[in-house]
Amino acid sequence: MTSGATRYRLSCSLRGHELDVRGLVCCAYPPGAFVSVSRDRTTRLWAPDSPNRSFTEMHCMSGHSNFVSCVCIIPSSDIYPHGLIATGGNDHNICIFSLDSPMPLYILKGHKNTVCSLSSGKFGTLLSGSWDTTAKVWLNDKCMMTLQGHTAAVWAVKILPEQGLMLTGSADKTVKLWKAGRCERTFSGHEDCVRGLAILSETEFLSCANDASIRRWQITGECLEVYYGHTNYIYSISVFPNCRDFVTTAEDRSLRIWKHGECAQTIRLPAQSIWCCCVLDNGDIVVGASDGIIRVFTESEDRTASAEEIKAFEKELSHATIDSKTGDLGDINAEQLPGREHLNEPGTREGQTRLIRDGEKVEAYQWSVSEGRWIKIGDVVGSSGANQQTSGKVLYEGKEFDYVFSIDVNEGGPSYKLPYNTSDDPWLTAYNFLQKNDLNPMFLDQVAKFIIDNTKGQMLGLGNPSFSDPFTGGGRYVPGSSGSSNTLPTADPFTGAGRYVPGSASMGTTMAGVDPFTGNSAYRSAASKTMNIYFPKKEAVTFDQANPTQILGKLKELNGTAPEEKKLTEDDLILLEKILSLICNSSSEKPTVQQLQILWKAINCPEDIVFPALDILRLSIKHPSVNENFCNEKEGAQFSSHLINLLNPKGKPANQLLALRTFCNCFVGQAGQKLMMSQRESLMSHAIELKSGSNKNIHIALATLALNYSVCFHKDHNIEGKAQCLSLISTILEVVQDLEATFRLLVALGTLISDDSNAVQLAKSLGVDSQIKKYSSVSEPAKVSECCRFILNLL
């Protein structure tokens, strides 16, 4: 940083919290205000006090029974024009406050451990992360869905509202991208716990971690850049209003300001853990630390603290202690450090650290370019006579080293970090250092000798230590801080001349008027353009088409190829023929117990030959007595489990298709509907695995399954169920191309959100409106665009 550049200086110090300040967030009202949360169990609202260049505590809120860990602002609404404050705590709860209420308006319960991160989206959506390894999506006072996939605490969450995307960062070292409740992508690269996330744009975000690194990512998965500078855990990251530059805070007692991809300024604080930060609209930086004090830093001369306040801050900083094990000072041997006279030499760059010996003490100083002086940043503890065994490892670029030397190559130029472990070869380390930094190889011997000289005591038979820089020869050495899925053919593999067709893609029950599921062209009447006859759908859509002769013919043909111990007997085949005839002829006669037992036996045939039996089941399950027999509380779990196993993506497409159609037909009976609702999590999660294929009939069956679930959820107003179904619909819409499947998904969506403002808000927050807009211009079939426009009117 050049002397002409503006730099941040203290604006004010705010005292009020009694313990660590763990979270900060800017708020729109009052203008320029922010909210803080603390281990003292309180939440405080601070508003600017312009005449005094400070802030006034406007409001103190309580509601948690344990430490408060995180905070975010829920944007304004008609009911709450100034927005709401959401806080998460160690009591596993999320408290929601208005800006003028000392107690919560309501409390969100559901997490099983500390809530450590919060982020808000559009329409009142809230995303929370917890030590229980999950993230949860909330709408108003209800949990809409739970995001499961991380294997350790979810330390960071962010919402990208424009695309309906969500990000979670975890102690499992990964970041995950979620769409409509499903994990779309996992970002790997960090070598330790991910602690913070920040959004740069609709396509890029930042992450920081315990590995002391910051990474810039594209949402498509690429890591664009890695930034190093901190020497210990990075706890928080916040972006400037320009959405390019950012600030970070860490366990190394520092706030670091990053501009144009480089660390432009380092500000030391008189506290060990700098837990949190936020950037105000005017560019000022607010920082919370383990000493319970909130500090504001500014570039503005008008908002800079008085000379007395800055002097008091520097005095407080000078009295701080720096643990050589956890600071960024590398290996320290007090006996070999220069004395106070070393401070007469000016530094070469902003934030440069220098250690000096003052009697028995070791003091750390930081160079200020703008002031042209060394500022004391603390006394180093654990350094007198220290060697590397007692002073610990140094963290650099996410790895631990015995030493990390800072080397200035040219006067006033950048410094380079040279990491080294005592088990390394000095010459190989020197060679790698020169190669990495594109430096002249003629310095190889000098660098290697520098390493050897400055690691005395760790290598036998080596010379005395020296603090000379191998490039300048001066006293420049500063001990420094450092799946594919199965692709199915587009055409149904079971169709063709004279071949048995297991069901049809476009069969459904009727609605009032002409059924849009039949594809009847009369559906394009003028009335349909003004009246919504598409949704809400009131009854389940089923797959009814049957050709008993072909089904039985294929059953007998495949049975003849089965192993003897797996074959159906002639009597078995006769019983199956009777039940099929009974079903197809709409007989008032009920299937016998024996017939139902044989049907169960038939659907348990080997997977290579079972699909004709599944087709009989698909037709039979609509019969009340068959539905009750297979779907009752006693038998239902085993029945559904068997069919779910057939949905294996590596299984036979015919079995997948007919199992899905059977599930769709189960909804016509009371027992079947109850079973489908009780098994929805397992069924939906397995069914969605089939979305990646290109078999249009499977896509239509998936869409129909979603539609039938939406019919049930519309009846009982189950908001969590609606959230699951919205996730299913959104996920299928991402890949489906067949317009009949698309139409059924649109009807399902319309049914879910009809007469339910919460469901409308959730759909909007998931970005479903932007997902379906393209269908509003479909010309054929017209039912697709007409249905889409009705939905967009609701959204």
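Heads up, the Cβ atoms here are built off N, Cα and C, so glycines get one too.
Cβ neighbour count for Ser50 (phosphoserine): 11 (other Cβ atoms within 10 Å of its Cβ, all protein chains included). The annotation phosphoserine is assigned in Swiss-Prot to Ser50 on the grounds of a large-scale study or a structure entry.
Per Swiss-Prot, repeat 'WD 4' is recorded for 149-188. Within the same chain, residues 113-114, 116-122, 125, 127-135, 137, 194-199, 202, 205, 207, 209, 217, 219-221, 223, 688, 723-724, 726-727, 729-731, 734, 765-768, 770-771 sit at least 6 positions outside the repeat 'WD 4' (149-188) and bring their C-beta atoms closer than 8 Å to a C-beta of that stretch.
Per Swiss-Prot, the feature domain 'PFU' maps to 366-465; the stated evidence is sequence analysis.
Residues annotated as N6-acetyllysine in Swiss-Prot: Lys529.
Annotation source Swiss-Prot lists domain 'PUL' at 533-794.
Each residue in the repeat 'ARM 1' (546-588) gets a DSSP state, and the totals come to 30 helix, 0 strand, 13 coil. Sequence annotations record features per position, and here Swiss-Prot assigns repeat 'ARM 1' to 546-588.
Looking at the repeat 'ARM 2' (589-620) alone, the prediction's average pLDDT is 94. For 589-620, the entry in Swiss-Prot reads repeat 'ARM 2'.
Listed as Cβ neighbours of the repeat 'ARM 6' (756-795) (distance under 8 Å, sequence separation of 6 or more from its ends, same chain) are residues 121-125, 139-140, 142, 144, 161-165, 179-181, 516, 519, 523-524, 528-529, 532, 534-535, 714, 717, 719, 722-723, 726-727, 729-730, 733-734, 739, 742-743, 746-747, 749-750. Under the heading repeat 'ARM 6', Swiss-Prot lists 756-795.
Note on the repeat 'ARM 2' (589-620): residues 500, 502-503, 543-544, 546, 551-552, 554-555, 558-559, 561-563, 566, 568, 572, 575-576, 578-580, 582-583, 626, 629-630, 642, 646, 651-652, 654-655, 658-659, 661-662, 665 of its chain, located 6 or more positions outside it, place their CB under 8 angstroms from a CB of the stretch. Sorting the repeat 'ARM 2' (589-620) by DSSP state (H, G, I as helix; E, B as strand; all else coil) yields 20 helix, 0 strand, 12 coil. Residue counts for the repeat 'ARM 6' (756-795) by DSSP state, with H, G and I taken as helix and E and B as strand, are 32 helix, 0 strand, 8 coil. Helix, strand and coil content of the repeat 'WD 4' (149-188), in residues and according to DSSP, is 0 helix, 26 strand, 14 coil. A helical conformation is recorded for Ser50 (phosphoserine) in the three-state DSSP classification.
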